[in-house]
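Visitor: Pasting in a structure now, in structure tokens, and then I'll have a few things to ask.
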Amino acid sequence: MGKSCKVVVCGQAAVGKTAILEQLLYGNHVVGSEMIETQEDIYVGSIETDRGVREQVRFYDTRGLRDGLELPKHCFSCTDGYVLVYSTDSKESFRRVELLKKEIDKCKDKKEVTIVVLGNKCDLQEQRRVDHDAAQHWAKGEKVKLWEVSVADRRTLIEPFIYLASKMTQPQSKSAFPLSRKNKGSGSVDG
């Protein structure tokens, strides 16, 4: 297991951020149970990557954003990844995700961060307000992966989080300290 990764989970209020985390990590969320508004919580999970390595991930479950509320500035520091959540039955929640993506791009200081977008409540087809193809088109343009998920079906949650953990912990292909052939093995700094 490598370093612990910090992932900020954010989106509009009542889109299912906490329910997604509790169902993913513990499998104990009951659909339709009373919602308690989150202030800010931290969940720690161990996720097996596509390389078969278990990685520890700290999920920062943020308060649901409402009009006028922005993501707190501390959510942008030392963050390895983001999970942006909207509800497929709310166009407003999708617009909030679009704004969050712009805010992240502005604040990430050229650091590579992994962003996944989850459209929750995909099982409520008759209440759908966000077009699946339009959302995928937006995600492709933003170079982020988007999955439609349902807390009612835990299996839909697994693939996005394996992708997230795998992408954040990808081994470096090159050394952080490349040595030219000329200097290899000399060990001497003075000339």
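Residue positions begin at 1 at the first shown residue.
The backbone N, Cα and C atoms fix where each Cβ goes, and this holds for glycine too.
Bear in mind that the values here come from a model prediction, so they are computed numbers and not experimental data.
Pulled these features from Swiss-Prot for this protein:
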BINDING   11-18, 61-65, 120-123  GTP binding site
REGION    1-191  region 'Small GTPase-like'
REGION    170-191  region 'Disordered'
MOTIF     35-43  motif 'Effector region'
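Describe the structural context of each listed feature in the structure shown, including burial, neighbouring residues and relevant distances.
Guide: In the shown protein chains, 25 other C-beta atoms lie within 10 A of the C-beta of LYS17 (GTP binding site).
Under 8 Å from some Cβ of the motif 'Effector region' (35-43) lie the Cβ atoms of residues 13-14, 17-18, 21-22, 25, 58-64, all in the same chain and six or more residues away from its ends.
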Visitor: Comparing the binding-site residues ALA14, CYS122, which residue's C-beta has the most other C-beta atoms within 10 angstroms in this structure?
Guide: CYS122
